[in-house]
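The structure appears right after this line, and notes come after that.
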Amino acid sequence: MEGTKHRILMVSDFFFPNFGGVESHIYYLSQCLLKLGHKVVVMTHAYGNRSGVRYVTNGLKVYYVPWRPFLMQNTLPTLFLTLPIVRTIIIREKISVVHGHQAFSTLCHEALMHARTMGYKVVFTDHSLYGFADAGSIHMNKVLQFTLADIDQAICVSHTSKENTVLRSGISPEKVFMVPNAVDTAMFTPSPKRLSCDEIVIVVISRLVYRKGADLLVEVIPEVCRLFPKVRFIIGGDGPKRVRLEEMREKFSLQDRVEMLGAVPHAQVRSVLISGHIFLNSSLTEAFCIAILEAASCGLLTVSTRVGGVPEVLPDDMIVLAEPAPEDMVRAVKKAIDMLPGIDPQVMHLRMKKLYSWDDVAKRTEIVYDRAMQSSTTNLLDRLPRYLTCGSWAGKLFCIVMIINYLLWRLLEFLQPAEGIEEVPDIGPLHAQLDSRDDLCEAEENRI
């Protein structure tokens, strides 16, 4: 199967025009897979007036299906209502592998369920870490257990994330690959002119929510400003915790030392980063932080909380780690300020070019697809026992869901046979390859 060109459907609730780590991962991975000659199609929900079929850079085709977000950019869980449109897209695009992204994407879970029902190979990438004790995590872990009970291969973005996913879902570790995120080093380049250290600028670019440690920033910033008069902060991002940061700025009279930019478009992130010396990440949980890679690629020294997969991201001389506590974060910032004279942004950028590449991520993901295609094809009766292992009650419920889904699929096959769904012609490298292969076969037939 190695060397086979795949037809991949990427599915997630999170894609452009929304911005974030998952969205960037899907976009850059898809672009690199297209360069390798594979066919890639993205399926997500509608964003505002953006509905229907759109084409983005290099002919990447995106289906914005007419479902509206219900909560936190997620569509309303419907279980079976997405089956007709998922089936139609898979048949129209002649898909061979369905690749779902993000554990709390409703569309991802439903598409993987439908693809397995139809007998297609499925791959899942987990981008986040979850706990085991709170009600939300318990519910999410059970949903993940259902999805991964019958998966061909899974991908995690760090070793910590892999361990977390295996423990949460009960999936065999042999089915889980570790493929990290990467950064577009051509887009995130350092400033040509080295910044003066007369004034130290610390940059924060993050969603201002609890999980990203916004409450930690509220305690860290005033103390850093008190200890280091020449330090100034630039904060980019928006969210429910922005009010707390603005209240902190008013309370300690830091309006001239803490600049609040609000939401920063992705195209302007570099211009914000290169105006600073240090990048501060205060996340309370993180599987893999792409923002740290972007900052390091721009030549910034990083100060981050020691959580999740963050310690795996950068070498020790490019990052200062701290416990998620205000006093330890302040200590880490002091250490980073002392290290600044020995930091060369251009050297750091060149190191990042060698360390992280989306082309490398795509080649490693290609191996996962090859492994998925080699996995055995099983019928419904063989797959049902896998769901029974998900719990005494949940297992039986999952079996009922899969049986109903199978019956609905057979009904659709009767009402709208696959032969009646028009297949779209391939364009790009894969199309050219298939055409040349057909021409060779035709020439061979004529010669005979």
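Along the chain as shown, residues are numbered 1 onward.
Cβ coordinates come from backbone N, Cα and C, glycine included.
For 45-134, the entry in TrEMBL reads domain 'PIGA GPI anchor biosynthesis'. Taking DSSP states H, G and I as helix and E and B as strand, the domain 'PIGA GPI anchor biosynthesis' (45-134) has 25 helix, 30 strand, 35 coil.
The domain 'Glycosyl transferase family 1' annotation in TrEMBL covers 198-338. DSSP places the residues of the domain 'Glycosyl transferase family 1' (198-338) in helix, strand and coil in these numbers: 62 helix, 30 strand, 49 coil.
Mean pLDDT, taken over the domain 'PIGA GPI anchor biosynthesis' (45-134), works out to 92 on the 0 to 100 scale.
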